[in-house]
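Student: Relevant sequence annotations retrieved from TrEMBL are reproduced here:
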type	residues	note
REGION	1-20	region 'Disordered'
COMPBIAS	10-19	compositional bias 'Basic residues'
DOMAIN	63-164	domain 'Pectinesterase inhibitor'
């Protein structure tokens, strides 16, 4: 309990803070209505800007995914192609070169994962000789695939560096 102005009070003491806008004050009757109007205007502006940005991003993403859909349509497995590349639509946009590098990079990652899995499986104890030979062949083929994909990615990205450097 605290004495305020000689009277006892159960209310907690309120801290007074300085306002950086002390020199600018609105008349008392305008304070609540003006702040309400400013808040509504700010909210409306924010919602409007957000709607416009989302609309632009959606249109841009739709155009980018359409490009990937058209590009994947000619592949042997178009649905797998689209599923693998659509998450990179904003990066790819409509660039055939970036599409190719991204597709090779996604394939390289998958080949590296498969190669590691085959290598681990080939170390399984108590494999029959036929199983061990088959897994050894798989490890070799997957290793070759990883090497070729890595060379392809390096070649495409190296050309960009050489062209920019000239």
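If you go along the chain as it appears here, the first residue is 1 and each next one adds 1.
Cβ atoms are placed via backbone N, Cα and C, with glycine included.
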Student: Please work out the mean pLDDT for the residues of the domain 'Pectinesterase inhibitor' (63-164).
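Tutor: That region's mean pLDDT is 90.
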Student: How many of the residues that make up the domain 'Pectinesterase inhibitor' (63-164) does DSSP mark as helix, as strand and as coil?
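Tutor: Breakdown, helix to coil: 88 helix, 0 strand, 14 coil.
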